[in-house]
Amino acid sequence: MREHSQTAGPSFVAQLRRRPEAWLLAVIAAVVIVFSLTARDFLTLANIIDLLETYSVQAIMAMGLFVVLVSGGIDISFAATASVAQYCAALLATQFGFSAPVVIGFGLAIGVGLGCLNALLVHYVRITSIIATIAMMSVSFSLLMYFSGGKSIYTLPDWWTNRIVFWRMETASGDIVRVTLPIVAMVVVTLFTWAWMTRSSVGRQLYAMGGNAEAARRIGMNIGRLQFVAYGYLGLMAAIAGLLQAHRVGESVPNAMYNTELAVLSAAVLGGASLTGGIGTVPGVLLGIVLLAVLQNGLNLLGVSSYFFQIVIGITILVSTSITVISSRPGRRHRIIAGAPSNG
């Protein structure tokens, strides 16, 4: 009996780490039931579709962050990257009148470039990933605010702001429900990330590097190249998210995406992505986003202060980090934030 009681705790934690999707689904179901009973407008088709569109931008960034976490690193600068890519693309469109392909390509290139700069700092300069990306977040956002003066751009071209609707219907209550570009983009990005990370050799190498970078190096994996791929992919996802955010709201606001980092990180670790690398699934991360979306929306409908949601995010990160440490393999260094070996 004593032996069983000593091992029951760790085995339960290990089960949570191995199957985060199962308990996430259970928690989501419980939360949905509670809010549907307490908030009249919660469980409606219009509210669900609105939730999907509202959180599509964060979901896209979460897919990129998931890749970096799996590879053994961490990136806090992606929201600043999204803001910089969005605003620079908006300037190119409004001040110089470039066409849609040029503007979109320019914005995506900025995102990839900033992501690769993070990889350069981590791999070649050998700065710990969280320190490098916090510094990049501060520099990128501060430069953006300095040169923009904090001024929004309201005159985006029609091709950017016109809503693209793939499906439309009117509900019995008279609400108009639309499946728009951000929702479709989220689905495409999610499916691509899942296929890439589970079906390609690069995805398998990223998992291997996150699990044990030194062992991956010894069997011939190019650690530097993989880090550039991971951080560059997150930069690309951040840029896509930034462009879609401007499309949703019809303007480019330099600080609109600032402060979303912890919510996205919280969703990723809720979904089972380990802060020490090598662990995580795309469905888990997506469910993490769904849980946070449901929580925030339900609390808003009930009139609960937004600060309470920030408390939930903080507790989520603390608990997930604790589980990561408890379930770490014997002898493995418990680097909670810095991630798995990120300097190759």
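Cβ coordinates are placed from backbone N, Cα and C, and glycine is handled just like the others.
Heads up, TrEMBL stuff is auto-annotated, nobody curated it.
Under the heading transmembrane segment, TrEMBL lists 21-39 (among others). Under 8 Å from some Cβ of the transmembrane segment (21-39) lie the Cβ atoms of residues 270-272, 281, 283-284, 287-288, 290-291, 294-295, 297-298, 301-302, all in the same chain and six or more residues away from its ends.
According to TrEMBL, the feature transmembrane segment maps to 59-84 (among others).
Feature annotation from TrEMBL assigns transmembrane segment to 96-121 (among others).
Beyond the transmembrane segment (127-147), the same-chain residues lying 6 or more positions past its ends with a Cβ under 8 Å from any Cβ of the stretch are 68, 73-77, 79-81, 83-84, 87, 114, 117-118, 121, 254-255, 258, 261, 337-339, 342-343. Marked as transmembrane segment by TrEMBL: 127-147 (among others).
Within the same chain, residues 45-46, 49, 52-53, 56-57, 59-60, 63-64, 66-67, 70, 163-170, 203, 206-207, 237, 240, 244, 247-248, 282-283, 286 sit at least 6 positions outside the transmembrane segment (176-197) and bring their C-beta atoms closer than 8 Å to a C-beta of that stretch. The transmembrane segment annotation in TrEMBL covers 176-197 (among others).
Positions annotated as transmembrane segment by TrEMBL: 228-250 (among others).
What TrEMBL lists as transmembrane segment is 262-295 (among others).
According to TrEMBL, the transmembrane segment annotation covers 307-326 (among others).
For the transmembrane segment (96-121), the most Cβ-contacting stretch among 59-84, 228-250, 262-295 is 228-250 (pairs under 8 Å).
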